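Undergrad: The compositional bias 'Acidic residues' annotation in Swiss-Prot covers 1481-1494. Feature annotation from Swiss-Prot assigns N-linked glycosylation site to N298, N322, N810, N973; the stated evidence is sequence analysis. What Swiss-Prot lists as repeat 'BNR 1' is 378-387. Swiss-Prot lists 438-449 with the feature repeat 'BNR 2'. Residues or ranges marked as repeat 'BNR 5' by Swiss-Prot: 821-831. Feature annotation from Swiss-Prot assigns repeat 'BNR 6' to 1108-1118.
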Amino acid sequence: MILRRLLLAAGSLLLASAFTSAKKADGPKITVTKFKHEPVNLFYFDDSDVVMLQDGNNGDVYVSRNAGTKWDIVDVGEMKGQAWSLMPHPMDRTKAYVLGKGGKHWVTNDQAMTWREFTVDAELSPYQLPLVFHGKDSNRVMLQGIKCSGRDCVERTYYTTDGFQTLHLLMEKGRHCAWAVSTPMFGDGLDLPKEVNDRIFCVVSGLHSQWPEDNRLLYSDRFFKDDSGIEAGLDSGRAVSGVIRTASAKRHLLAATKSRRTNELALFVTDDASGWHRAEFDGQRIEEDAYTILESTNYSLQVDVVSTDSSAMGTLFTSNSNGTYFTRNIEHTNRNRQGLVDFEKIATIQGIILVNTVKNWEDVEKSSVVEKKIVSRISFDDGRTFQPLKAGKQDLHLHSVTDATNYGRVFSSPAPGLVMGVGNTGGHLKDYSDGDLYISDDAGINWKKALSDAHKYEFGDQGSVIVAVYDEGRTNKISYSFNHGKSWEKASLPLPDDVKIRAKILTTMPDSTSLKFVLVGSAKADSDVEHYVIAIDFAEMEERTCVDPDFEKWPARLNEKQEPDCLMGHKQFYRRRKADANCFIKKKFEDPIPNFEPCKCTEEDFECDFNFIRSEDGKSCVPARSLLAPEGACKNPDDKYTGSSGFRLIPGDACIKKGGLELDKPIERVCSDTMKTPAAGEIAVEKTFFTADNYRDYFYLERTGSSRGDDETVIMITSEQEIFISRDHGKRWKRIFEAETITRIEPHRYFNDVAYFLTNSGEGWYTLDRGENFRKFKAPLPPNQDKLPALSFHPDRRDWLIWTGAEECNGSGGQCHSVAYYTTNRGAEWHFLMRYVRRCEFIKRDARGSSDKIVFCEQYEDENPSSKHLQLISSEDWFAEKKVHYNNILDFATMQEFIIVAIRGEKPQDSLSVGVSIDGKTFADAELPANVKIPIQRAYTVLESRTHAAFLHVTVNNLEDHEYGSLIKSNSNGTSYVLSLSAVNRNSRGYADFEKMQGLEGVAMANVVANVDDVEKGAAKKYRTMITHNDGAEWTLLAPPGKDSEGRAYGCSTKGGKPTKACALHLHSYTERVDPRDTYSSPGAVGIMIGTGNVGEYLTPKSSADTFITRDAGISWEEAKKGKYQWEYGDSGSIIVLVPESTPTKTLLYSLDEGRSWKEYQFSEVEMQIRDISTVPSDTSRNFLLWGNEVGQGKKPGLATVNIDFSGLKERSKQCVLNEEKPEADDYYLWEPKHPLQPNGCLFGHRAKYHRKRPEKDCYNGREIQHLDSIGDICECTRSDYECDYNYEPQTDGTCARVPGLEPLDPKLVCTEDPKAIEWYEPTGYRRIPLTKCQGGKQLNHIIAHPCPNKEEEFEKKHPRLRGIGLFFAIVIPIGLAAAVGYYVYQHWDGKFGRIRLGETGSGGFFDRDSPLISIPVTIVAGIVAVATALPLLVSSLWRSLGGYIRVPGSGSSRQPYSSRGAFAARRGDYVGVVDDEDELLGTDDLEDDEEGEERNGQV
């Protein structure tokens, strides 16, 4: 199928059909049809003479019913001129599709005799194949489209089960949807459940994320009706995130996944659409855009994997029958950057493969500019061995797939044994124009030259006729042969005088049984290009039809003795016309049928059984993992049982076992050899000593979910500059770079597998595979002398680097400065970037345009390092052109969603300002809150921005030991900031006591300075710890435990179990940590946090701290142990280890039940001072590493590391079971995080469910699990879903009030910033938290609407006014109800009229302020108190044509949840009018302070 977007053009394509040759009987009949535009998408309906093509310019479609002799335009309905693409059904010879423009399409079910139109409310997707076909039911098709509104586009997938008679929406926002049964062979030989025929797989975004690394693979057997689909259990039944796409090949369905922080892919395979297994490639890495699934056999997959990223070469692999284990066939295959591989299986003959390989691969690997020398190789045994192609005694090399010049297969066709190609003899392949046409009629064993020069070629009548056309320039002749290319005749094309064409396509019907061919070519006439479609018919050249004596029994494969060879248990023969027979077969539409003779079984008929892999010598099959003996068979290690030999007969192999090998015969196995070794039941310890006294730093190169292997790699640099590496988490260490002076190690910022080891000279080494191999590189200059990193890394391109080096800094008299260079191949070649820079950085592409080359640099003004002005400049073309954003900056920071710049003022005493960009192109000045009292803004700390908002710490007091500042939070585009929390502590280095909880969005903790007034007078700081569960909108104190770990009460009391200023839990935070990696929480242990601190009024010194734990994300805490401990999480929180901090010890404490109970373990005979405890960053390992020194009696000198291995512990020796369909059926349960101030359990407007291991289950989690299971109910909006708007600040009772003397942002800006906007809303003091998904409920930010200029008509349609009787009832009924309810409330209410307390929640009964009978009437009650003024205002407001609006409930349950921030904005039509004078009605000028509210909300 060829898909091309076509341009509309005037004029008709078909001009003439007048040139026909009237040849005598010794030549073919040739008919020429002239076209004005280039024909494209030409195809035959299989087993017919019906051919179709598409106008390459004006969107017309043509059909020929006589193999191209006569063409007619398809003029059905509105099809003429509307075709976008034309394609046949790949598995149904009667069906084809014309995909049109504007959602109109056509289908034929009778080879273009009739057409039926169908429509879809979407355009065709430019990112995916438009049609996806079912492998066994041609009426089942999916259409992948896209629906756009302005610049907002949503991908939509539709399906039909009746050949497009009806069409249904399958899902929105799904990509790469595929039928489970995608090929005719899928499931053959298996007893698949009936529902698999309906099963569809789709790639969808993550539940909380749009990043590709969070994509999920969902499937449904009900077309995604009534459910959101089930997540496919790709890895041992567990879901895997980061699914890129799916693909099908014969009997297999494949899914490729990529984890965050690696470009290594994992390939998962299934042959039944239920059980998936990870494919193993004999130790070879598979990387993104670095593998190609090739034409596979009926019994194996063949995949070419890129072997070197510096040039296009690969390794060919072949799988076993279930696609799980791959073995190498041949190295250094030739491929191109588009993923095409020089590989072809010879059609109709099993086991013969033609490939091209790179002869000078070593030179090519060293330099990408070295030209490849390509040689051809052929295999006759399914890729086990390869040999050169031979033309006589010379090696022959042929052009293949990477530079194919024709449709379809390159070398072969269904004509048995006939193979052709363009190439040359000699040492390697030359240019195409230097090639000749070669042919083999024995399936590639022997070759001979057929014609000089390059030709296109095609086979007909099962090989009786071969046609060739000159392909190095223009021609007006064709060549043909009736004797397998031994001799050739020529025929002239009946073209106009002096016209010669350049051949574009030469083709025939797919089965090569016809005597008719179609040639497409173009000729230049003056300034125009003319196009011709030429029908060539040999049917009348021979009258005789072949009979038996004209045929031979031809063996498809021969062995080295030139005898018929066996493959898949049989010999293959064809009844083939003899080369010199003077006849035509004339069996059009009848494919050649092979005959088979069975063979006795040999070793080649067997493959490794499931759970076995080939041994290193390839002669036997050894267990890939521990075997399971039959139940009850192994009671003692010395027992024996009968089990698999390790081999099995390849499925589909027809060999005869009698008299042959029976490698699959069960054998006797010893239980001690094959049983899984029982857990020793103990923790294992490995201690290692080093000569250095201490370590300078260490870091992990951690495997990701898609990484192969089982290493846990740690790299350490000691205080003596020695570099050590351990691949087994510190059990064994190896020194590296002993002869080199490594001065710095720079792990790749974005890819876990990569690290760079640098010297002061500019030479260095790097690893791409977590320390398994190291390669050397040379930088253009020594590292810079600005104490800044020499390397800057690209977020998406692993091999793109920027090197900032020092020039003229060797005392030569020049001006020392920094120069930046870039490379796209890890330093193999460097290119100049910028001079006189301080630093340069790549900018992440996502949501910031389409260019990978966006680079930001800080450059000194006028390239003068003495200048005090540092400019921020950017470029998208390596600074061929540049853009200056700011002329005088202090620094800039790149974050996941924003680029934030600190800008200096004109004078030294001026405050800093902030600039923000989300696309790297346009910057806006950040609007900082005026209620942050900062005399001069001198320092900012950029925190994080993973929740669609940026957090900044703005320093208020910068005096040493008295530093603190305000925590401010942005809106979704980073430009408008509001105060989140005052007086947040920071240290002299600029670090703030602020930390977000890992694994759970919106939860963060901060330490505040509680005695600000005293600190301003010089007093020491006193701290309190605060927590937020709605991303900084509301903060509360930490609730203290009821009792300590020894059961004693604390010396202070709470109020109703809630914290007070005098009694709360306070924890030591970021600024007091020796290692900032020691965080409260873990990405794997969702909901758990550990910290050291105390209960009381303030945080006390660390020396008196105890250790506390929470298991519900900070809502409740308990004391884990008395004293201060260092902690680390393992196995995603199923193991927690505590080690005393600052106290010598021989023992550690560990918990297997999330800290509910603790056990002591002695890890050393000598007391040690433990400096740190570590594990892999994801906290998924069962290994821990202690770093310290022996200090007790009998101590050894030097640094010691102690590996603590829990994998042998009996309680952690069995893998936990997670069933995605029934997530709570086995070892896991679903945990819902909650908001402490919301009784309904909602957090960010929804209820999310996370997988957590049941604490009582004795098993281990293993590799990182996908914790987030689902997002359940969407909640109504409450106060917790809003934060204070710009220039508003929170009050003690939780409401938001405008800062006195300041104005809100101009709300009308939405009209100018968004041309599609219809309305704007008056400021209310509230704005939605960007992370919330809430729907309905309190719409605190959208109450009073007004039309945008010149949008009054659209506004009126959106908000129709009440008229007539409707208006009367709108006035009278509310007043009557208000009077009645108001009177009742007046008798029962507590007298606090005129007070709106938006921060309060709870179920306070019938007359609670959130009660539906009170929350609205109370505003009117407030008006009744002043009825003389309020009522006229109410009445008059109803007559205003542009009044404000309040929400009117719709159909309720039919609504869909908001899927994005834009989705909420799009529902502004759900509101109708109320009064403009609402503030006066609500009495908001009379709000009072409330001590009770202060204590309840914990607001500071």
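Each residue, glycine too, has its Cβ placed from N, Cα and C.
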Undergrad: What does the structure give for the C-alpha distance between N322 (N-linked glycosylation site) and N973 (N-linked glycosylation site)? Integer Å is fine.
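TA: Each residue's Cα considered, N322 (N-linked glycosylation site) and N973 (N-linked glycosylation site) end up 49 Å apart.
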Undergrad: Given the repeat 'BNR 1' (378-387), which of the listed stretches 438-449, 821-831, 1108-1118 has the most Cβ pairs that are under 8 Å apart from it?
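TA: Between the candidates 438-449, 821-831, 1108-1118, the best contact partner of the repeat 'BNR 1' (378-387) is 438-449.
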Undergrad: Under 8 Å Cβ to Cβ from N973 (N-linked glycosylation site), same chain, six or more residues apart: give me those in sequence order, or none if nothing qualifies.
TA: V916, I918, A924
Undergrad: Go ahead and report the DSSP secondary structure tallies for the repeat 'BNR 5' (821-831): helix first, then strand, then coil.
TA: 0 helix, 4 strand, 7 coil
Undergrad: Between N810 (N-linked glycosylation site) and N298 (N-linked glycosylation site), how many Å separate their Cα atoms?
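TA: Roughly 67 Å, rounded to the nearest whole number.
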Undergrad: Given the glycosylation sites N298, N322, N810, and counting only Cβ atoms in the protein chains shown, which has the most within 10 Å of its Cβ?
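TA: Neighbour-count leader: N322.
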Undergrad: Given the model, what does the mean pLDDT over the repeat 'BNR 1' (378-387) come out as?
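TA: Mean per-residue confidence for the repeat 'BNR 1' (378-387): 87 out of 100.
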Undergrad: What parts of the chain pack near the repeat 'BNR 5' (821-831), using Cβ distances under 8 Å and only residues at least 6 beyond its ends?
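TA: For the repeat 'BNR 5' (821-831), the sequence-distant neighbours (Cβ-Cβ under 8 Å, at least 6 residues beyond its ends) are 309-310, 367-368, 764, 766, 775, 777-781, 797, 799-803, 805, 855, 878.
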